[in-house]
Amino acid sequence: VCLCFRDVPSVDILVWSELPTGAGLGSSAAFAVCLAAALLTACGAISCPLKEGDSTARWTEEELTLINSWAFQGERVIHGNPSGVDNAVGTWGGALRYQSGKITPLKRVLTLRILLTNTKVPRSTKVLVAGVKEKILKFPAIMNPVLDSIDAISQECQSVLEAMPANPSPDYYPVLEELFDINQHHLNVIGVGHPSLDRLCRVTASHGLHSKLTGAGGGGCGITLLRPDTTPLAVEAAKQDLCACGFECWETNIGAPGVTLHSSSSLSAEVLHMLSES
């Protein structure tokens, strides 16, 4: 329970986001994390870490744990029975390992450049999960080894990601690309693929890039790994071909910091404009 240290007047909360909703990108968790951090700061339950002259600041581990616990309650209101992964990664950032309900942050992870592509094909996570369960019950001897292999891919990927900061060799990227490809094939096998995602993978492969679905699958979004030496020209060419398919595409990074308090001076002109217009 949050015991407020000072009275909080009624407030209007203005939310502006570049994340598309309902696309499997955790937009609801991002909202819940930001809302929890703002309200906990406003009522004095956590500190205001921004000092004069700072452009950004982050809270202590203990305060982040409180933010995360309230954000998870927000996710429960929205989704009913969430895993807690989305709000956890939104709170702590970086990369997390999730297994059997246990969430473990990975130590020191490099940010990776990706293309994020929204196929704009709607899907139901509930229906997709039910389909996977049905396949496992129908073909346990076939499906369980596939799931074991997906787990092994995750463990191999974790090993690579944890090794990269100490030795940021370009040799790691072909390994990650292979893991992307194998994982995507496995996800098709368990029934969460979609023709739109197959098309996304074919288009990016024609540019020498490797992609996989993200989120629940069945449409939604895919991510494409960009090597550090991938040229802006190559990225732009891939984006144009993806947009020609009717997809929406952004270049971004994964592994960035989690929830952060920003001073108004650190915000981009576009964000300030959007906030002032509302």
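From the backbone N, Cα and C atoms, a Cβ is placed for every residue, glycine too.
Per TrEMBL, the features are:
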{"type": "DOMAIN", "residues": "9-90", "note": "domain 'GHMP kinase N-terminal'"}
{"type": "DOMAIN", "residues": "179-235", "note": "domain 'GHMP kinase C-terminal'"}
Helix, strand and coil counts within the domain 'GHMP kinase N-terminal' (9-90) (DSSP): 41 helix, 2 strand, 39 coil
Confidence summary for the domain 'GHMP kinase C-terminal' (179-235), mean pLDDT rounded: 96
